2 protein chains.
Amino acid sequence: MTSRQNRTRDRAERGIPEATVARLPVYLRALHALQDRGVATVSSEELAAAAGVNSAKLRKDLSHLGSYGTRGVGYEVEYLVYQISRELGLTQDWVVAIIGVGNLGRALAGYGGFASRGFRVAGLLDADESVIGQEISGMTVEHIDRLEEIIAERGVSIVVIATPAAAAQTVCDRVVAAGVTSVLNFAPVVLTVPEGVDVRKVDLSIELQILAFHEQRKAGGPDGYDPMAGGVSGNGRASGYVEAVEA
Amino acid sequence: MTSRQNRTRDRAERGIPEATVARLPVYLRALHALQDRGVATVSSEELAAAAGVNSAKLRKDLSHLGSYGTRGVGYEVEYLVYQISRELGLTQDWVVAIIGVGNLGRALAGYGGFASRGFRVAGLLDADESVIGQEISGMTVEHIDRLEEIIAERGVSIVVIATPAAAAQTVCDRVVAAGVTSVLNFAPVVLTVPEGVDVRKVDLSIELQILAFHEQRKAGGPDGYDPMAGGVSGNGRASGYVEAVEA
DNA sequence: GCCTGTGAAACCCTTCACAGCA
DNA sequence: TGCTGTGAAGGGTTTCACAGGC
C-alpha cells in the first residue's frame, strides 16, 4: 500500500475509509465504558467484542489512525480514547441548532449523548407560535424567523432538522444559504443540497421496514416457501396506501 | 452471474443484497409521493433523482426483484409500489411494541410513518410507575412486568427499545426469551443476542459524530493543513470525559 | 508467547456501457 | 428511438493468516 502519494506523513494518510469513520464512535463508546470501569488496557479481541465487531476489522480500522497499540499487550484505553476523539473532531466543541420542536425535537434537545460528546445545543427553533417561548431542557424555543441571525451570532456549524417533511427542504435551503455545511435530517424526505454540503439522514421507519423484510424471510425457513404467494391478489394491490404527513 | 445455484426460479433469486434492501424503503417513499401527484409511470432517471441515487443503481436494485419495467417507457408507479411493498413484507401488518416512553419513546409512539407503512403499535411499556396509565397518542402506558404477556397475547413480532442504556440489555433478553426475533434499538449500547435474532440500531449521537468528522476536514482545504496540530497538547489528553447516562 | 499491524484474497457494491426489447 | 436490464470492470470493505515487535 501507500504506492503513490508522498510518504512524508507516515501514519494517517489523509483519508480514512467511510466504513471506518462510521465505526469509530462505536469504539469510542465502548472505550468510555471501559474507562468508567477503571480498565487501563484492552486487547483488540476484548474491545471488538464490546463494540460488536470482529477483531480483525477493529485492528484494520485502528491502523488507519496510526499505530496506537502495543504488540503483545493491547491498547491503552485513555490514549485510544483521545486519539479517536481527536480524529473525529470531538476535542473541540460543535455548536448545534435544532429546528422543529415536536416530539422528536424535544427528545433530541434532551438527549444526553450530545453534550457528553462535545455537541452544544445553542438553539431550538420552530415556526409554531404556540411553542415559541416555551422552555425545553433549559432552553427557550425561538422563532424560525431568526434562523440566519442565530446561526451567525452563535457560530452554529451543524443543524438538526426535525421538522415535518413538508418544511424540511425550505428550512434546509435557508440553513445552507446561511453558510452551514453539515445537516442531520430526521424528516422523511430526500434533501437536495449543493456540492460541499454534508447531509446525513436518520429515518425511523426505514429501519422498521428493513426489519420487516428479514422477519418475513424467517417465516419461510430454508428452501423457499414463497411468503404470501396466492393470498396476495385477494388482498388487492397496494391496498389504499396513504402517504401520511409523518414526523 | 448466477453461476452456481439452481436456475429453476428465474427472476428473484432468494437473496436480495442488503444494500438494495436498505434502499427499497426510500424508493417506496418516492413512489408514494409520485402516486400522490397522480403520476402513472416513471423512468429510472426520474425515480432515481427523487430517491437521491443514480439511475444505474436504481435499475440494478429493481432488477433484483424482477423485470417490472417496460423498455422504452419506464415503470408503472402503482405496480412498482405493490411489488416493493410485497418484497419488504409491508402487505401484511406488523405488530410493534415500544419499550420506554421517555421523550424518544413518545416521539416514536406518535410517529405517523409507522402506521402508514403497516406497523401497528400495540403496546407502550415502561418501568416508571409515574407514567404507567398515562395516555400517549391514544394508547395507555402499561407496566413492563406484563411484557411477556403482552407480546404473546397481541402477537407482537417487532420490539422497539427506547429505554435508558442501562436497562436495554435486560429488556432485550426478556423480549428475545418471549420469542421476538426483530429488535430496533435506540439505546446507546451494543445489544448481545442469540443467533437468529435481528437487531438494528439507530444512534442519534453517532450520526452527529460522523458529521463532525467531515466538518473538521473541511476547515483545512485541500493539501493537508493538519487540524489541531500543536494546539492539542496544550489541551491535555481527553480532557475529563465523563460517560453521561444518555438516552 | 502473545497480540498488533498488514499484505493478500475474497467478497460485496457501484458504475459503466451497451445489448435488447417495446 | 428510448429506456430497461445486465455483463463486465472498478472500487471499496471484510476476512484471512501471518510477519513483526514487545
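Glycine residues also receive a Cβ, built from the backbone N, Cα and C atoms like all the rest.
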**Study point:** TrEMBL annotation of DNA-binding region - which of the ranges A:26-65, A:146-185 it falls on
**Key:** A:26-65
Review point. Sequence-remote contacts (6 or more beyond its ends) of the DNA-binding region (A:26-65), Cβ cut-off under 8 Å?
Key: 11-13, 16-17, 20, 73-78, 80-81, 83-85, 87-88, 90
Check your understanding: Taking all residues of the DNA-binding region (A:26-65) together, what is their mean pLDDT?
Key -> 98
Review point. According to DSSP, how is the domain 'CoA-binding' (A:89-190) divided among helix, strand and coil residues?
Key: 35 helix, 29 strand, 38 coil
Check your understanding: Which of the binding-site residues A:GLY100, A:VAL101, A:LEU104 have a Cβ lying under 8 Å from any Cβ of chain B?
Key -> A:LEU104
**Study point:** Other CB atoms, at most 10 A from the CB of A:GLY100 (NAD(+) binding site)
**Key:** 27
Revision key, fill the gap. If you tally other C-beta atoms within 10 angstroms for each of the binding-site residues A:GLY102, A:GLY105, the top scorer is A:GLY105
